[in-house]
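Below you'll find the structure, written out as structure tokens, and then a few comments.
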Amino acid sequence: MSNKHAPAPMWNIVADENMPLVEELFASIDGKPSQIKRLPGREITQSDLVDTDILLVRSVTKVNRKLLADTKVRFVGTATIGTDHIDLDYLASQGIQFSSAPGCNAQGVVEYVLTSIAYWAEQRQKDLSTVKVGIIGAGNVGSRVARTLQRLGINYVVNDPPLAEMHEQGDFVDLTQIGKCDVITCHVPLVKDGEHPTYHLISETFLKQLPDESLLINSSRGPVLDNKAALDIKRSGKAIDYILDVWEGEPDVNIELMDKTLVATPHIAGYSQEGKIRGTYQLYRAVHSWLQVDGDNQLQDFLPDSPKWQWNGLLKNLYQTLKPFYDLEADDSRMRTEKSDIKNQFDGLRKNYPQRLEFLDNL
Ligand SMILES: NC(=O)c1ccc[n+]([C@@H]2O[C@H](COP(=O)([O-])OP(=O)(O)OC[C@H]3O[C@@H](n4cnc5c(N)ncnc54)[C@H](O)[C@@H]3O)[C@@H](O)[C@H]2O)c1
Ligand SMILES: O=C(O)[C@H](O)[C@H](O)COP(=O)(O)O
């Protein structure tokens, strides 16, 4: 395969400042050294990229014609699962290679969701052996949430029309059935058009039919939930709980909605150390595969030793057994502490997020 970079004396790389291991993994590629420039994701502009070969971003950088026109960028990688911040059609039209990091932080999200359900059960005195969870989206995250609930003996149903149409194995239910569940958790990409859009999938109509005392968790993308409708429903006095990790208009979170949540966090559901490391590593592999060259670094050498949660077989007090491994309440309280200036503090809460390790792989 030929590529425009073969004669370059040095790789020019621009990377989001919040990606770990870029210096370690990208110091040289195929024997050629790299010059790596780190920038805050929201502040990367076209002028930073004029002589850049490889752009490595996270979810806060909008990658489109405005950013990439008249630059040398030939590879864009996002160390995230979601790709709604990337104009994939534009990249394809320009022959710019692209990679995301599918599944990289799925385990962190699963742990966030399980801890959230357990916290809600404790707060609202629910018996998890009689609760039914509705999972919307059964990809990397949703299917693992299902597997985890299955192992714990918690009932669930799954909605995923695109998968159902592909005749994937498994039983799928429609959204009406999901709307009858005690807990609903969303794991869909943000898609605004096509056959199965997810923008405002959780609409006023959907929220109105939810049973009283149900819980809605959104850790997918803010606009999957109509935030205004969610607020209006609470204002109307409906007894429904929200656990929200993602928000319409981030970082400009609706403070009244935040006040009405059971748990509010600043888009950190997937923020395990391992998830971030896997994200960068998957891009390292993708760059080498694009160039058809070898890379010697092995993922295992960068992953920390993770703690192991041992389940005692009881659903009662589940939250108290999870809390030493993931302190959801601490995440919630850090966000509420910054409430008065959340728009300006949101990114800082994420940048300075405390180390969190995955713990659930031995259920
Ligand atoms: N909060 C966080 O920190 C965090 C972390 C990781 C991922 N995410 C978000 O979660 C999303 C899901 O992650 P994933 O790894 O499971 O993605 P994935 O692509 O593996 O799976 C998404 C699933 O959603 C299904 N789907 C698409 N449209 C649907 C619709 N209209 N109704 C029901 N199902 C639909 C797809 O068929 C697919 O099975 C990501 O796109 C990302 O936006 C958030
Ligand atoms: O899509 C994802 O993978 C997550 O939403 C991602 O972890 C968000 O974190 P960010 O890229 O904004 O640091």
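In case you wondered, yes, glycine gets a Cβ from its N, Cα and C as well.
All TrEMBL annotations are machine predictions without curation.
Taken straight from TrEMBL:
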type     : residues         : note
DOMAIN   : 42-290           : domain 'D-isomer specific 2-hydroxyacid dehydrogenase catalytic'
BINDING  : S59, T80, Y271   : substrate binding site
DOMAIN   : 121-269          : domain 'D-isomer specific 2-hydroxyacid dehydrogenase NAD-binding'
BINDING  : D160, D245, G270 : NAD(+) binding site
ACT_SITE : R221             : active site
ACT_SITE : E250             : active site
ACT_SITE : H267             : active site, proton donor
DOMAIN   : 316-359          : domain 'Erythronate-4-phosphate dehydrogenase dimerisation'
Listed recorded positions (D160, D245, E250), ranked by Cβ neighbours within 10 Å, top entry:
D245
Longest CA-CA distance among D160, D245, G270, per record bound to NAD(+), angstrom
21
Measuring Cα to Cα, how far is G270 (NAD(+) binding site) from S59 (substrate binding site) in Å?
12
Fill in the CA-CA distance, E250 (active site) to H267 (active site, proton donor), as an integer in Å.
9
Could you name the residues, excluding S59, T80, Y271, of the same chain that surround the substrate site, i.e. Cβ within 8 Å of the Cβ centre of those residues, in sequence order?
R58, A79, I81, G82, N105, H267, G270, G279
Binding residues S59, T80, Y271 (substrate) - maximum C-alpha distance in whole Å
12
Where does S59 (substrate binding site) sit in DSSP terms: helix, strand, or coil?
coil
Around G270 (NAD(+) binding site), how many other CB atoms lie within 10 A of its CB?
24
Average pLDDT across the domain 'D-isomer specific 2-hydroxyacid dehydrogenase catalytic' (42-290), rounded to a whole number:
97
Neighbourhood of ligand 1 - recorded positions from S59, T80, D160, E250 with Cβ under 6 Å:
D160
List of residues, in chain order, with Cβ under 8 A from that of Y271 (substrate binding site) and at least 6 apart:
N105, G108, R350, Y353, R356
Of D160, R221, D245, E250, the recorded positions listed, which put a C-beta under 6 Å from ligand 2? Please answer none if none do.
none
